Each structure stands twice: as C-alpha cells, then as structure tokens.
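Student: Mind looking over this structure? Questions follow.
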C-alpha cells in the first residue's frame, strides 16, 4: 500500500483507487490486468480465486480484501487507515497455512462470495448496516485462519495441542476467531483502534456468533430457536408475510427449517461426520422428512417447502449419515417453484431487475440470515464455474487424503472419504449436492431471490 486511503467520488473512483493502492513492486502490465480482473469480476456471482492468486503474486486474500473495503466505501465510512488495515490483511494472509484446501485462496473465494451475497441478494441495507457489513467481510476473511488442514475429530483423537487448548470443543472453530483477535491486540495491526469500545464489542460479538455457528453442539439449539421463530411468525398475520415483494421496504418470506438442517450437515467438517449404521439411515431420513413436512403446514399454499431431497440426518441424535448414494439414486436438482431462468452463474443481466431490499423481521432473524449467508459462502465453491468448481473438489480431496494418511500412520480409523485407496470426495459430489448444497441454497434463494444466478450455476454443476 502506497498511502493511507483517501476519499474518492463515486463507486468507480473508489474501485480504481483501491486497485492502485493494493500492490507495490508489481510490473505495470500485471497491475493493469489485475485491476481489470477485480473491477470486472469482484462483483460477479462466479469468481476464479486461483486466477486472482496468480495475478497478485500469491496475495489473493489481502488484495481482494483491501479492494473490497475500499470499493464498497467501508474504509471511508469507518475512517480506517489504509496502511494499518493492509498490514492486518497481510498478517492474516500469512496465518493461513499451505493446506491443499483450507488456505488463503479459499478464504479469498469465501470473502468474494460473501461480498456478492450481501451486495446483490437484497440484504443491503437493512440486513447489513455499515458496521455489520464490515463485520461480515472480516468474518469471511478470517473464518479458517490458522487452519491446520485436519478435522476436529482428528485433533481430538490425536491429542493435538489445539484440542488440549480448547478442551476438545470445536478446537478449529474456536482457534480461528482467537487467532484473529490476537492479531488485533498488536497496535501496528489494530485497524479498529479508533473505534469506540461499544462499537468494537458489537463487531466482536457478531464475529463470535459466526464462529459458534460452526460448533456441533450449537446445531440443535439453532434449529430449536429457528423453529420457535417460525411458529411465532405463523401466528402473526401470516397472510401479510406471504405477500409478493411489490413495495420498498418489502416484507420478506421466512426461511424454513430446512435451511438450518442443511447448515447442521454442512458444518460437520463439510463432508464428513460419524456414519450411521446402514440399518438406521432410512429411519433418520424419514424422521427428518417428517419434520420438514410438518413445517409446511405453517405455510399453506407456499410451494416447494417440503419437497427437497430427503436428508439422511437425525438432528435429535446429533449424528449424520455418511452420504454414499450413487448418481443413479439421485434425481435432478430440485427446481424452485416459479424460478426464473437465466445464464448460469451470470451477473444477472437479462433476468430483470434484482428485487428491492428485504426487511428483517427482528434482530434475531437478521442475524440468523447473515449466518446462513456466510455458510453459503463457505461452501460457495459448489456454485462456481464448472472448471473452478472441479479444481476446488480436487484440492479438498487432496487435503482429505493427506489426513487419511496421517490416520493410518497413527493407527487410527480412517475417516470417511479420506482413504486414498477408496473413492474420495470427487466421487461423492452428487450426494453432497442432494444432502447439503441444494437444500441450503434453495431455501436461501426463496428468502433472497437475488441469489438466483448462484442457484442456477449450482444446478448447472449438478447436471
């Protein structure tokens, strides 16, 4: 960074200034190409973080984060010094280890997806005021900080230092946030030092809630809270909450419980968890499907709430079935009722204007929706362009196989999908889309229709 951030007139001016300040010691031709890449691609629904890493000489995360803070106007709104935030961004980038998947490039990909979801789905401005917007980008940037490329189960079973430090309680998730705020304790990195204490406390609380969402012990509680919210809403002038968005501000539809069910699965180390015995998989799937079906009773006339693919999971028992069905057992990705069609993964052109801003029902629902947005961003690689998507799948498979090798060497049971002598993640994509990706994105898109291009790309990848 060559200087502190200065004000710029208009979005285009901020974007140009952000790119000009973001790198030093890079040949002019590369800077021009990088600027073009960011200006044309940072706001799009599909994004190639690998290409950004190449153009930025291995600094995809810090480059993108600085650019977004500047181009969105958040640096100016919060009077953030460019030099100090640049140091912080480089520090968190250095904190990401050279894992095959959970690395700084993945963090950049999640950050870009979170940015687009907030900007283009209808969440601004009522779901994310300037402070919340800043917190969302910070949470995305640090969500896997200092990840060691191993699952919590492995850390706990191997008596890893992190498991001991956090008493076997979601050691990775607890560590990501602790590492972030430890960096902010250093004066030369603390770009929030001028914030009032109550403002810093709000920002930290928001980030903490996101981190806790990853803890398996929080899944049942989150599901119960959301179910209570749905029950309350169903008793409170239900007809008005089903109205079509025709004015601003517009009342929004409420996410169904299937959104939280999908989060519960996705948070279990993305693809892996304790496998149910084969004899119980049908029972677990039926149990959850009954729960989803009963929820549809609260929404008479609302299409598609209970018709998603059955998910082999039992929230009450806290276990998840290992997805092992083949493509022959899976039908096409469910289509949203009344879903508009458009170019998969496009920028929304040709699909009509994006819906107006959505109005949160209350603070709890606002926070819940932002949590779901971050979870969608975390697994957003399933909705990237097909070539980029497959590259991410290969990276994840490499990381899983590396853990499987460690488990074999330590005499531990090899976790599902981590034995390189058996089919891995690349052979289980259909199941992941059926059980996790499609239900989560489908329900979020019902709440925020501006997400439709991302849903279209997910379905294209599925096919």
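The backbone N, Cα and C atoms fix where each Cβ goes, glycine too.
Caution: TrEMBL annotation is automatic and unverified by curators.
Because the structure is a prediction, the values reported are computed rather than measured.
Take a look at what TrEMBL says about it:
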BINDING   102, 103, 104, 105, 106, 144, 378, 429  AMP binding site
ACT_SITE  102  active site, proton donor
BINDING   106, 143, 144, 378  Zn(2+) 1 binding site
BINDING   144  Zn(2+) 2 binding site
REGION    235-255  region 'Disordered'
COMPBIAS  245-255  compositional bias 'Polar residues'
COMPBIAS  323-342  compositional bias 'Low complexity'
REGION    323-356  region 'Disordered'
COMPBIAS  343-353  compositional bias 'Gly residues'
Student: Cα distance, residue 143 (Zn(2+) 1 binding site) to residue 104 (AMP binding site), nearest Å?
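Tutor: Between the Cα atoms of residue 104 (AMP binding site) and residue 143 (Zn(2+) 1 binding site), the distance comes to 10 Å.
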Student: About how far apart, in whole Å, are the alpha carbons (Cα) of residue 105 (AMP binding site) and residue 143 (Zn(2+) 1 binding site)?
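Tutor: Residue 105 (AMP binding site) to residue 143 (Zn(2+) 1 binding site), Cα-Cα distance: 12 Å.
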Student: Provide the number of Cβ atoms within 10 Å of the Cβ of residue 106 (AMP binding site), excluding the reference atom itself.
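Tutor: The answer is 25.
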Student: 104, 105: which of these binding-site residues has the highest Cβ count within 10 Å of its own Cβ?
Tutor: 104
Student: Measuring Cα to Cα, how many Å separate residue 429 (AMP binding site) from residue 143 (Zn(2+) 1 binding site)?
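Tutor: Between the alpha carbons of residue 429 (AMP binding site) and residue 143 (Zn(2+) 1 binding site) there are 23 Å.
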Student: Determine, to the nearest whole angstrom, how far the Cα atom of residue 103 (AMP binding site) is from the Cα atom of residue 143 (Zn(2+) 1 binding site).
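Tutor: Cα to Cα, residue 103 (AMP binding site) and residue 143 (Zn(2+) 1 binding site) are separated by 11 Å.
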Student: Looking at the binding-site residues 103, 429, which sits with the largest number of other Cβ atoms within 10 Å of its Cβ?
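Tutor: Counting Cβ neighbours within 10 Å, the top one is 103.
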